[in-house]
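Working notes, beginning with the structure itself.
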Amino acid sequence: MTPRHFLRDDDLSPAEQAEVLALAAELKKDPFSARPLEGPRGVAVLFDKNSTRTRFSFEVGIAQLGGHAVVVDARSTQLGRDETLEDTARVLSRYVEAIVWRTFEQHRLEAMAGAATVPVINALSDEFHPCQVLADLQAIAEHKGSLSGLRMCYLGDGANNMAHSLMLGGVTAGIHVTIAAPDGFTPAPEFVAAARRRAESTGATVTLTTDARTAARGVDVLVTDTWTSMGQEDDGLDRRTPFWPYQLNADLVSLADPEAIVLHCLPAHRGEEITDEVMDGPSSVVWDEAENRLHAQKALLTWLLERQA
């Protein structure tokens, strides 16, 4: 059987995304109600990038599903030398039930998935962060009810993985997504086009703007992320000056709907992309969002493994 992979947010159809989110809600209520890895069976969890939430949530989640996480710095394997991704994928597929990889280039994940005979999950790449957006959607649903028809505004670096995933995952759920970003930091055109194609089937919309205040006005959900993603620390670009108008502060929050919620995938650079007042304020659901990484990823793994059986 050809495995299902989760490499980008639109790998799930709207109905499939809804199934995963419903299961995530069930697992949050009863963490041990699904045990697809009973045995324990193994899951490879590979890291090319440092991690806190991704590592803890996957390790704990795999254990709660009855399995064993084999956590490895990918650079310490033959991947860090000269073994091909395809050969690594074929070998790991003989040992484990799924492969989770946090890496840089999306094409490496796609090469791994092309050769693997078990599900491959994108735990973060430079282009997408789909597991995080499942957790975001779960948090939004918990606080806002139905997702379809909500208005969400992302502020900041529109060219980063969160902006891309929020577009694709958001419109899949029927959410109207606005990306407010300065010139030179807008989403990749091919991902905007993909999001708009998906939006045609869900009634959602994708809007790009450089006007943060107009973008925030009346929305139900405000989202931001770091202005400097991992690997960009030494790229020589000024990532502060162009982003200051996009800082998620009390002034911008006041423009949103009075019941609007605030999300940040973390880690946060307090005082830069988000203020302490907003991060710790009544609109923030950041800690629910972070917790939901555990539940959403367990649901995703369970859903994928059920289709592998």
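A Cβ is built for glycine as well, from the same backbone N, Cα and C atoms used for every other residue.
The carbamoyl phosphate binding site annotation in Swiss-Prot covers Ser51, Thr52, Arg53, Thr54, Gln78, Arg102, His129, Pro130, Cys131, Gln132, Cys265, Leu266, Arg293 and rests on sequence analysis. Listed in sequence order, the residues of the same chain lying 6 or more apart from Ser51 (carbamoyl phosphate binding site) and placing their CB within less than 8 Å of its CB are Arg102, Ala123, Leu124.
Summarising the annotation, Swiss-Prot assigns L-ornithine binding site to Asn161, Asp225, Ser229, Met230 and lists sequence analysis as the type of evidence. For the recorded site, Asn161 (L-ornithine binding site), the DSSP three-state label reads helix. In this view, Asn161 (L-ornithine binding site) is surrounded by 25 other Cβ atoms within 10 Å of its Cβ, with every protein chain counted.
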(message) Using the alpha carbons only, what distance in Å do you get between His129 (carbamoyl phosphate binding site) and Asp225 (L-ornithine binding site) once rounded?
(response) 12
(message) Using a Cβ cut-off under 8 Å and a sequence separation of 6 or more, which residues in the same chain sit near Asp225 (L-ornithine binding site)?
(response) Tyr154, Gly156, Asp157, Asn160, Met162, Ala163, His264, Cys265, Glu273
(request) Just jot down the residues in the same chain as Arg293 (carbamoyl phosphate binding site), at least 6 apart in sequence, with C-beta under 8 A of its C-beta; none if empty. (result) Arg53, Thr54, Ser57, Cys131, Gln132, Ala135
(request) Would you count the other C-beta atoms found within 10 angstroms of the C-beta of Cys265 (carbamoyl phosphate binding site) for me? (result) 24
(request) For Cys131 (carbamoyl phosphate binding site), list the number of other Cβ atoms lying within 10 Å of its Cβ atom. (result) 26
(message) Using CB atoms and a 10 A radius, I'd like the single residue among the binding-site residues Arg53, His129 with the highest neighbour count.
(response) His129
(request) Work out the three-state DSSP category of His129 (carbamoyl phosphate binding site). (result) coil
